[in-house]
């Protein structure tokens, strides 16, 4: 009995090891165009796991990465690293953008930064033939006994590119324009915040500029480009923005924050210029899913198939190609240890959200007083501070392209199917599914697809087209794989998959 258990355990370990080895996504990729020839050229799927191909099936076909449309390729080609650099340098020029800094000086402090960001968005709006609208929204934050010692105005700058067919379906990106130094409440010292987070604001600005141009078709769904304040003091601006949308019952089907996306170089000098991390949360907060829903999710093994992780899978399928020249390293957790970001308030409001961050971080260039220190042992001098000289502007432009590929694909594909269920009324070796159309109905939907993967595979490996049906039975046991249902547009664009719950 002992030897049999050992053999089974060994076999299980070997299978799991081979699967993880086959599906591993290493962070270090000096040239992803060479490291990922299949994904970037449309060959065999990178989302497969050869060691996890059991159970065998003859139905469906391999799930392939989604290729960018002609319009998307044109958009990606116009994202400019020089404009991104100019935006970051301008934001740094305000001296400090600390949330508690002056809001009345025209050239210094967070108020000047806010007004400049709004003026840039408005300049793009003026050139957009009425497509882009700009709002500055905010509220008075009272002292919190911690990082807000006195009342302060928190302002978010929001540019909206309204969709043509489904304007009520929204996708949003943000960066935070406030900055800080070592002392989180020091609002007078020079706080350049080039990487954290002028880089993310520059991405929002550049995508708004490019996507709102009149010669591009407007997206089917609405895109929002935001710059928020108060992140360093407690995610205040993002929380206000998320609550504003939630109070309007807005249908936000995806949100991304770009926070610290300015450099590809680690503190030891390691460079990884073609990788960006994407953090996707597992179990939603209990304020979003109640205890019964959570217990059901855990019972069916759906903890890795939350809306945030489905959104992250979509990004990987749409944003890894030769036009972005990037690999998306999906990290299955909310955020880094001891850190937080502006996607969290959106998750807490019930919206799918994820965070983009550079592959390696140099903490000498984050949350630091600008200074030079000499190592007493080596005599070498070390520069501290979040200065623009440590930014890689071409890298930031590539991160912008990843965002653009995801946003444009999301906005031009159908929304997520609703009420996705799998029948559990009887014991059966097949799987029967039911679903309702997306919130916007079947307008623009060209069909539905059932996707699946091994329970140990990170990404969808198989797909089956079932046409316009709203129920389908698959000759594959729901006990052995993870399923999802997604809509496909008449334009061929595939949407985000949804995990079926028992019915």
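Using N, Cα and C of the backbone, Cβ positions are placed for all residues, glycine too.
Under the three-state DSSP scheme, residue 196 (Zn(2+) 1 binding site) falls in the helix class. Sequence-distant contacts of residue 196 (Zn(2+) 1 binding site), defined as residues of its own chain at least six apart whose C-beta falls under 8 angstroms from its C-beta, comprise 179, 259, 260, 262, 366, 367, 386. Per Swiss-Prot, Zn(2+) 1 binding site is recorded for 176, 196, 259.
Positions annotated as Zn(2+) 2 binding site by Swiss-Prot, on the basis of similarity to another entry: 196, 232.
Summarising the annotation, Swiss-Prot assigns domain 'Fibronectin type-III' to 416-503.
Residues or ranges marked as N-linked glycosylation site by Swiss-Prot on the basis of sequence analysis: 105 (among others). DSSP assigns residue 105 (N-linked glycosylation site) to coil in the three-state reduction, placing it in neither a helix nor a strand.
Under the heading N-linked glycosylation site, Swiss-Prot lists 247 (among others), citing sequence analysis as support. Taking a C-beta cut-off of under 8 angstroms and a sequence separation of 6 or more, residue 247 (N-linked glycosylation site) has no same-chain neighbours.
Residue 429 (N-linked glycosylation site) falls within neither a helix nor a strand when secondary structure is assigned with DSSP, and so counts as coil. The C-beta environment of residue 429 (N-linked glycosylation site), restricted to residues of the same chain at least 6 apart in sequence and closer than 8 Å, consists of 477. Marked as N-linked glycosylation site by Swiss-Prot on the basis of sequence analysis: 429 (among others).
The feature signal peptide is assigned by Swiss-Prot to 1-24, with sequence analysis given as support.
Residue 105 (N-linked glycosylation site) counts 13 other C-beta atoms within 10 Å of its own C-beta, drawing on all protein chains shown. Counting every protein chain shown, 28 other Cβ atoms lie within 10 Å of the Cβ of residue 259 (Zn(2+) 1 binding site). Summary of the Zn(2+) 1 site environment: with the site residues 176, 196, 259 set aside, the chain residues having Cβ atoms within 8 Å of the Cβ mean position are 175, 193, 197, 199, 200, 231, 232, 257, 258, 260, 341, 342. Here residue 176 (Zn(2+) 1 binding site) is positioned 9 angstrom away from residue 232 (Zn(2+) 2 binding site), judged by their C-alpha atoms. Between the CA atoms of residue 105 (N-linked glycosylation site) and residue 176 (Zn(2+) 1 binding site) there is a gap of 20 Å, rounded to the nearest whole number. Averaged across the domain 'Fibronectin type-III' (416-503), the predicted model reaches a pLDDT of 97.
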